[in-house]
């Protein structure tokens, strides 16, 4: 059997895929082809990656196979990449007679198996596999009737590898083989060396450039093997000495006192008692080869029973006979091992297990030697487990592995915790064991293993060193990505980040709102990704763990110049893969390209390029096409322009000839009519014309010229039509190109046939041909397509503008510890890494999303947010990629780069929206599928009907045929007339205009919306928005700003007793420890009033939910003193301002502009007892509330403003009212929506009083208050059941289910606060007037779609009957070229109609405001209908979920701060069956 060792991989771009069905079709069809091992098609990347056998397939044949399926396949790189393979040696242990042919046929049918070699005499199979497709476990499952044992040449640490391969009398040899470039080299080497007598097995690794050989030294020598390899043209060097079971000469020389065993003795080694164990620190080990050298050399000493070497810990544990050898001798033995560069020291860990060790040996040992065996613990993430059987299977297999102390696998959390001996096994080995069982196992990214000291001896010091403690407590970091849905604004992001950081085991959280993704760093020993996702779900969001989410971020494609041979490739690959954080590196010498996968948190693209540069090569990014050429249709425009000009060049003479012949025909017809000329004379005069003269019998000059001019147009101008028509017919479909090809081909073929017949019959009368039809058809069709693509390019201008905003370069700066600029570097924007400091100069574009760290400026964000006015930026402000810096230079820290930037997400959103189909378009596409066959049938029917009519009543044809001539026969006249009518029917029918009606309008509509800061996710919401009858607003964050602010501070004590500034300082300090939103608002207000960022000290802080807080405050004197100094400074400034013409200095300074009298500067630190809360909290603490204060709180509560009381040292000092203010444009937006005939509803989880107050301010008369999250969905559904289309507008956590349930979900954001998952329509700006604009734009777009459908309907319903000759009696008739012109005009008119949407402008709200000012106004509370809870729907409501319970408790807590006298604890404690 010829081995097929070569396996290649090629990636082919595939255009034309629209759904998953296309992907499956390609994978199934191509996957069945001979020689295909694996195929993976990506709809997102529009590519197919195929692993194949180059002997059976080539990239070109694969491309053609995909082309034949009707897709456009493009091969960017014709040079395939080699695919790594591995060889499994499977030893058969069964004793029965083996069906070798059966095994071979079974395995060869398996995907991923490339070659099988059978050695019946050795009962062994060598199976070559592609590890990325199939693994050893799957191979063994394919032959269940046989018990197979893996004796494969897998890479294992230590001597275990070698001894598992070598039987008695056999030796393992490793030889370095250089110059191998492909798998053909490895297979050739294995084939020739494996045939040598004495060679039992051989495995050649292309990656490591080495050969591992098991041979019998009595049959063949090392030199002979080396010579045979070099004879094949590969330089060979012995990498390791053969493992004879005796010491080498140099070791004997250095260990003269140690007896050396003979070869015979080595095969039956005596078992010595293990008296002691010593741990040595070995410096100088670099790789597994060093480990293997030491482990293979030291056990040859007579008194050493075992050794385990750890490369990670740079240590070795040796068990030996203490009565015969000392640790010092073992140190010398290790240092003598080749290459003799190891530095060995004892780690003071010698365990004596002998019952009576000799006193001499004990004296040689250090006095402080202790017993301290090491145990480490690792966590392995395991996916693919489905039941407890999987858990028991993993625990059973792994626990049997050497070095494993214990294992516990958690099915719920999908991870396993393994306690193991690091000197006997490693985490990677354990992971591979689990993978071989068929599960996916991933090790967390750990910087330092957690070391546990087990069973310390009595001599162990009680106080370990600090360093040991540090090593034990080193945190293990892992990273996961979680897809989060339902986020609508920055408060959602802050909520998730704040709550996750509180959970044990989570180090950091970064949430990207635009991408809907959270990046979490965590300790895998404490918490796992599924648990983190559950925490997020408990917060009210949808959350799923993203598998392999970090792969997309860490893929780098480079062009590497300067490589000359395979050695250069190996040098780059080996150097890069040694770097931490680089998972994979593949360099192709032929294409000079490198493909690298890396962890962006550990290493960045600039670091990788610098590393390659340090090797002496030049590396640069593969330039991506950042242009919008695919949007402006430049290639298609150029193609159709060329086609039009070619057709026009040849068509112009044809049209001239046709017009000349028509004029001459008219001239002779006039003579015939006036002079009563006979038919014979008519024919004679007609043939006397120059163009009608015959060159050959039956062939006139006119027909010859027409044929010559028609040929290039037919086959060059129409080439594209033929290709598209062929592909359509091949897949049993029909499109516009089929109609065009049918019309032109039939006309050309008909004319050519009758011309050949006339020449064959040597006819004296020239036949009437239609060679003029194809050129004229192609001219008008090419012109129409050219104009159509120009117009289509205009429809995507908005998206092209967004893409053009992306910066191409960034200036990265380096700062020192004092933020002083050290250096600047100009890099490609794709090389920017998160955390980079970027400098943006005035007029420059922001290359990435970031946060300002230094500088002040104004930024133009108009092209992204639609906001015309520049936005001020200062340190701490966020900036959006693509916006333009105006005045000052800024330093920003990159937070989101690459595909995660806001601009990239907006571009992606608009692209997806413009390719989505509206429901009306789906109907049009379905209609278009039946249109072409219907037109073909009509055309055939027209041909047959007119032939029948002509033979029945020739007078009709004679009367209405414009080109009738008595010089031709009746039969020819009838056939020509019928043929012309049928061709015209084919030409005028146009399904294109029907198909263009909706997508062009959707493209323009979504593009115009994006330019105005309104992102509409596709055609369906764009079409649905105009049907909306009810608009439901959430209150918090939508109608209101969503952040409470202090509305009023009322001081209830005299100022000389406690000044207002002192009350603010105490209250601000007390509330600074509170996490309640009202507490944060109070703290912010106090800091602003006192003009400070620091407050006093708060101790004994306690919070009672639903009541208030208590604490003790100190250290506010310095704060007050600082405030007094500012007051004095301001007073001085104000006094100097009024010293105009002042004579008396005393009088001039007594100005009324002095703010306050200076307060006494207290220097003694005083402690204040503080209570802040509602009336119930004050009453609990024994305070009496006066009627005036009580009335004031009731008044605030009626207006929806929570009010809290403040006591200092048991004295009521102040009242603070807090409110969530209404947005200024809310009232106007509500009024405009009502004037458009829409019903406006307010739905909120807040209490009825607050809801009524807010509704009265904005003019909403219908309110649903105290609605729980799950009930918002039920209420939207209830409105829908009433037959109303509902639009839900919101931005909060609890709004996302209702947004999904509504017919149109609208999410409001601010700047970068744009949701992707939760809504159908997204506003980049936080402006309620955009709700009006989105509905108005939807109405305009749908109106335009309806107009667009009108054009093709008129063309086809009127044009087809005219073309078929129905209206001949009234003189309406079309020639074929007229039909093609009309068809082209229909498509162009539809696209031009859609372009009128570009004239759309958002309504002028200034005019709206002027026009509606007299009509708008606040509603009185009596006019507002407030419904509490879900009203009549409560009977069918489910029990409250976890989120609803949390919200219920929170509401009770917040509402209890209102002025209502009754306690709301009953609401919390009672079972909320009534949902109110």
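Cβ coordinates are placed from backbone N, Cα and C, and glycine is handled just like the others.
Copied over from Swiss-Prot:
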type	residues	note
BINDING	182, 185	Cu(+) 2 binding site
BINDING	489, 492	Cu(+) 5 binding site
BINDING	565, 568	Cu(+) 6 binding site
DOMAIN	8-74	domain 'HMA 1'
DOMAIN	85-151	domain 'HMA 2'
DOMAIN	171-237	domain 'HMA 3'
DOMAIN	276-342	domain 'HMA 4'
DOMAIN	376-442	domain 'HMA 5'
DOMAIN	478-544	domain 'HMA 6'
DOMAIN	554-620	domain 'HMA 7'
TOPO_DOM	1-642	topological domain 'Cytoplasmic'
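Feature map: Swiss-Prot annotations on the structure.
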| residue | record | Cβ neighbours (10 Å) |
| --- | --- | --- |
| 185 | Cu(+) 2 binding site | 20 |
| 565 | Cu(+) 6 binding site | 11 |
| 568 | Cu(+) 6 binding site | 17 |
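Annotated pair residue 185 (Cu(+) 2 binding site) and residue 568 (Cu(+) 6 binding site), C-alpha to C-alpha distance, rounded: 18 Å. Against the domain 'HMA 3' (171-237), stretch 554-620 has more CB pairs under 8 A than any other of 276-342, 376-442, 478-544, 554-620.
With DSSP states grouped into helix (H, G, I), strand (E, B) and coil, the domain 'HMA 4' (276-342) comes out at 23 helix, 22 strand, 22 coil. Note on the domain 'HMA 3' (171-237): its mean pLDDT in the predicted model is 80.
In the three-state DSSP reading, residue 568 (Cu(+) 6 binding site) counts as helix. DSSP assignment over the domain 'HMA 5' (376-442) gives 22 helix, 24 strand, 21 coil. Secondary structure at residue 185 (Cu(+) 2 binding site), as computed by DSSP, is helix.
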